[in-house]
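S.K.: Structure below; questions to follow.
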Amino acid sequence: NSYILILQGLKYPGLKSFAPDKPGEIFLMDLNEEKPRAVELRISRGFDLASFNPHGISTYIDKDDTVYLFVVNHPHQKSTVEVFKFVEDDNSLVHLKTIRHDLLISVNDIVAMGPDSFYATNDHYFSDFILMFLEMFLGLTWSNVVYYSPKEVKEVAAGFYSANGINISPDKKYIYVADILDHKVHVMEKHANWNLTHAKTLQLDTLVDNLSVDPDTGDIWTGCHPNGMKLFYSDPENLPASEVLRIQNILSEEPVVTRVYADDGSVLQGSSVASVHGGKLLIGTVFHRALYCEL
């Protein structure tokens, strides 16, 4: 599929926002176009757009080719997962349901497993802003991964400093979890009962944010923060840098990690996600612009 979805408008505690009063938006880019442009997707009536504060995103394509879009939302500093159906004919999203649960405390990212099931990362144990920072300061490993379905909701992996990006291998056997504060990507084996067990860990020397997986090669592409503290400074003289890593053969004895893009913040600030398609690289950020470039 050549479509890429882009979220805009996240308001997150401690991070600056260029448009604090503007609700979140979802854009679609068709990378098959010669000069791709981001087209805003209209969201159906009945959904509270005013409090829409989108964070993580995942899609699931059903057997009948229905495209379900799962979006992590933080309305009024809470955590929900919104489920939409994508209508390609008129570039719109029909809101199907809002999912809330006591185990979905501080959701960062999700990976869809079915039309109404997913894995989600909680990046903190506490949702309260002050307790959240205390948790980071004390280095508590209370962050986790939760499996959600209408029949069963359970914690499936724990012991992270801050579980952030999550994704799945092309063969659907492994789940990848980025622990941003621990500079690691964890490989978890997925079992028939949806539980996860630890398979291996890849140590990196940068803060790993979101993970995207190339469906053809299995390579993991990640947007990283070489110095995460700069995200919180808002100092024009000391901009947050950007870095994109490509991880090849993560399951092998010798995974290959390549630094594909690096910038000191003069072009791109706070890279958080990277995705590749047909020799083109799209890099997203926490609050800055997106960058589309040739590899």
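The backbone N, Cα and C atoms fix where each Cβ goes, glycine too.
Checked TrEMBL, it gives:
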type: ACT_SITE; residues: His55; note: active site, proton acceptor
type: BINDING; residues: Ile57, Asn108, Asp109, Asn164, Asp209, Asn210; note: Ca(2+) binding site
type: CARBOHYD; residues: Asn210; note: N-linked glycosylation site
S.K.: How many whole Å apart are the CA atoms of Asn210 (Ca(2+) binding site) and the residue listed as 'active site, proton acceptor'?
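M.R.: Here the two Cα atoms lie 11 Å apart.
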S.K.: Using an 8 Å cut-off from the Cβ centroid of Ile57, Asn108, Asp109, Asn164, Asp209, Asn210, can you name the remaining same-chain residues around the Ca(2+) site, in sequence order?
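M.R.: For the Ca(2+) site, the extra neighbours are His55, Gly56, Thr121, Gly165, Ile166, Ala178, Leu211, Ser272, Val273.
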S.K.: Residues with Cβ closer than 8 Å to the Cβ of Asp109 (Ca(2+) binding site), same chain and 6+ apart in sequence?
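M.R.: Expected: His55, Gly56, Ser58, Val72, Ala120, Thr121, Asn164, Gly165, Ile166, Asn210.
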S.K.: State the count of C-beta atoms found within 10 angstroms of the C-beta of His55 (active site, proton acceptor), not counting that atom itself.
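M.R.: 21, counting other Cβ atoms within 10 Å of His55 (active site, proton acceptor).
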S.K.: Sequence gap of 6 or more, C-beta under 8 Å: which same-chain residues meet both conditions with respect to Asn108 (Ca(2+) binding site)?
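M.R.: Within the chain, Asn108 (Ca(2+) binding site) has Cβ neighbours under 8 Å at His55, Gly56, Val72, Ala120, Thr121, Asn122, Asp123, Ser162, Ala163, Asn164, Gly165.
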S.K.: Any same-chain residues 6+ apart from Asp209 (Ca(2+) binding site) with CB under 8 Å of its CB? Would you list them in sequence order, or say none?
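M.R.: The list for Asp209 (Ca(2+) binding site) reads Asn164, Gly165, Ala178, Ile180, Thr222, Gly223, Cys224, His225, Ser271, Ser272, Val273, Val286, given in order along the sequence.
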S.K.: With every protein chain in view, what's the tally of Cβ atoms within 10 Å of the Cβ of Asn210 (Ca(2+) binding site), excluding that atom itself?
M.R.: 25
S.K.: Rank the binding-site residues Ile57, Asn164 by the number of other Cβ atoms within 10 Å of each Cβ and report the first-ranked residue.
M.R.: Asn164
